[in-house]
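What Swiss-Prot records for this protein:
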DOMAIN    1-126  domain 'Peptidase C39'
DOMAIN    155-437  domain 'ABC transmembrane type-1'
TRANSMEM  159-179  transmembrane segment
TRANSMEM  192-212  transmembrane segment
TRANSMEM  270-290  transmembrane segment
TRANSMEM  296-316  transmembrane segment
TRANSMEM  389-409  transmembrane segment
DOMAIN    469-704  domain 'ABC transporter'
BINDING   Gly503, Arg504, Ser505, Gly506, Ser507, Gly508, Lys509, Ser510  ATP binding site
Amino acid sequence: MEANHQRNDLGLVALTMLAQYHNISLNPEEIKHKFDLDGKGLSLTSWLLAAKSLALKAKHIKKEISRLHLVNLPALVWQDNGKHFLLVKVDTDNNRYLTYNLEQDAPQILSQDEFEACYQGQLILVTSRASVVGQLAKFDFTWFIPAVIKYRKIFLETLIVSIFLQIFALITPLFFQVVMDKVLVHRGFSTLNIITVALAIVIIFEIVLSGLRTYVFSHSTSRIDVELGAKLFRHLLSLPISYFENRRVGDTVARVRELDQIRNFLTGQALTSVLDLLFSFIFFAVMWYYSPKLTLVILGSLPCYILWSIFISPILRRRLDDKFARSADNQAFLVESVTAINMIKAMAVAPQMTDTWDKQLASYVSSSFRVTVLATIGQQGVQLIQKTVMVINLWLGAHLVISGDLSIGQLIAFNMLSGQVIAPVIRLAQLWQDFQQVGISVTRLGDVLNSPTEQYQGKLSLPEIKGYISFKNIRFRYKPDAPTILNNVNLEIRQGEVIGIVGRSGSGKSTLTKLLQRFYIPENGQVLIDGHDLALADPNWLRRQIGVVLQDNVLLNRSIRENIALSDPGMPMERVIYAAKLAGAHDFISELREGYNTIVGEQGAGLSGGQRQRIAIARALVNNPKILIFDEATSALDYESEHIIMQNMQKICQGRTVILIAHRLSTVKNADRIIVMEKGEIVEQGKHHELLQNSNGLYSYLHQLQLN
């Protein structure tokens, strides 16, 4: 009976953790009620059905240990004895396995022997159906197919123009043949004049059509470029906060900049060269008519180009990958250095930073040079094949002319036609580095575009928030193998109540507000506003109705008015001024020469720290949110500015639910209730004077420290 109960607990815990990993919230009691019908725990079948009910795609497989590195992780290792555990990562180099022990609620690293002892060969692979749809519509070269279909009329016109260009290219060698074999032999000046005029007309049409094709093609690809750029930025802003917290800013910027490579590829000569190559069969037919032997030489050279490209491509791709990695490191270091310029100058560490930059730059230049050398070798190999074919054709063609099987005019025409065939091949071979580069760019950009955006079940968009907040049995960690940040937190906040949250650093205060903003979904439990589960809510609907002021706020390089009215640019000036007065910002803004039209500079560099903070507070208040979060919002203010805000606090809090997070207890002492947190748990709560009566409590201890 105990084993069954244990299996029930571990199966449910595993399902909860995997659902959280895929940004899906669940109620364990509801799952137990629906699928644990006999009270003996979730069986394999009921576990799979429960996962399906949560919009998870779960599949039970049997896998040998030697092939575990090929599966998508994390996965559930299913045990017949009920002692299931999560497989998080396989380290093939060191034969180690990162697992999560559900019984001990802690990550474990197992050796090969230890893992073999507990692994029974059964896995449950879990993916969200949203991610499955994302994989089917993932960003790669196939993404451009719908775009091509969308502009199929324009591309069809380009195709028709290309056909005419190939016909004109076919006519020119024929004219030269007539001149060599007929006009020169018979001294036909009238025929020469006619052919010259006709050739001039053909050349004019060819130039016009070629320019028209380039214009239409570039116009179409520019539209695709705009669509891709717009899609990229929208997707980037829709990604969850965890995406940005787990990546360096420079890495993300480097990936976004790969759009330039794709843009250059789309608007360059590569695609028109592909079109020219597709019509080569027309030339082959005419060339075969002239001389099958010479045509076979040309055809025989094509596999040489292909084989040479196949040989060079893998090496080139590896070197391009390395070049991108070095470039991303440089980009990240540059962004980090510029962002931290005040610290660098204050600590006089510019020489150390310069030394690091020089080393990274040298590494990038070396990597770039290796790419250039290999690309040059590739191009010279193509030139070698081309020159060899030219020599063979010259020798064989001369033999055919001498033997009378081919006229001089036909030989010249044949060489011109072969040039039309080989030219796009050579261009493509020379552009092969661009093909490889754009392939890597698509992959790197796919890292952004294929990352799942913030998902929510049911698109729950409700009317205006009233402000009743409930945290029920909240358990949360940022990663499956990370320590628990919040553990069994239960908290009810009444509508219009002012709550102060205090505690040591790392106690989980800010994490609680991140869950309230739905930046994350709890591993266990529910966060509710007005009785509605935020796991099912539209994040944009929620965040529009919550005002947040952090310790370090970012202002955009716009005017003060635009920064305050960021969410509604058409907002009446009266509302902007009222919010600024509440935040204690109106007086210093009025003293500025441009007033509310003053440009604040990048990240508010033109203002002091206290001024930036007051504008951020005004920005949070201007929409009259029903829930207001101050996360160390006044810690960066001078005492005068803080005094102004605290004087206005009664007006600020009126009609709102307010959460004040602070280290300075003076900020929260007038709150309706103070919550004291320690190691992810609520250890005390009450009013200021009530908490001080407990001399052994954490609040009293912190208060005494600040008094001293």
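Cβ coordinates come from backbone N, Cα and C, glycine included.
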Helix, strand and coil residues within the domain 'Peptidase C39' (1-126) as assigned by DSSP:
51 helix, 34 strand, 41 coil
Tertiary contacts of the transmembrane segment (389-409) (same chain, 6+ residues out, Cβ under 8 Å):
176-182, 290-291, 293-294, 297-298, 301, 415, 418, 422
Tertiary contacts of the transmembrane segment (296-316), as residues 6+ beyond its ends and Cβ separation under 8 Å
284, 287, 371, 374-375, 377-378, 381-382, 385-386, 388-389, 392-393, 396, 418, 421-422, 425, 429, 432-433, 436
Quick one: give me the count of other CB atoms within 10 A of the CB of Gly503 (ATP binding site).
23
Sequence gap of 6 or more, C-beta under 8 Å: which same-chain residues meet both conditions with respect to Lys509 (ATP binding site)?
Ile501, Val502, Gly503, Asp631, Ile661, Met677
By a Cβ-Cβ criterion of under 8 Å, what residues six or more beyond either terminus of the transmembrane segment (192-212) are in contact with it?
161, 164-165, 168-169, 171-172, 175, 178-179, 183
Would you kindly list the residues that approach the transmembrane segment (159-179) from elsewhere in its chain, counting only those six or more residues past its ends and only Cβ-Cβ distances under 8 Å?
191-192, 195, 198-199, 202-203, 205-206, 209-210, 212-213, 216, 272, 275-276, 279, 282-283, 286, 407, 409-410, 412-414, 416-417, 420
Within 10 Å of each Cβ, count the other Cβ atoms and name the one among the binding-site residues Ser505, Ser507, Ser510 with the highest count.
Ser507
Does DSSP give Gly503 (ATP binding site) helix, strand or coil?
strand
So, in DSSP terms, is Ser510 (ATP binding site) helix, strand, or coil?
helix
If the ATP site is taken as the center of the Cβ atoms of Gly503, Arg504, Ser505, Gly506, Ser507, Gly508, Lys509, Ser510, which further residues of that chain fall within 8 Å of it by their Cβ?
Thr511, Met677, Glu678
Looking at the domain 'ABC transporter' (469-704) alone, can you tell me the average pLDDT?
86
Run through the Cβ atoms and count how many others sit within 10 Å of the one on Gly508 (ATP binding site).
24
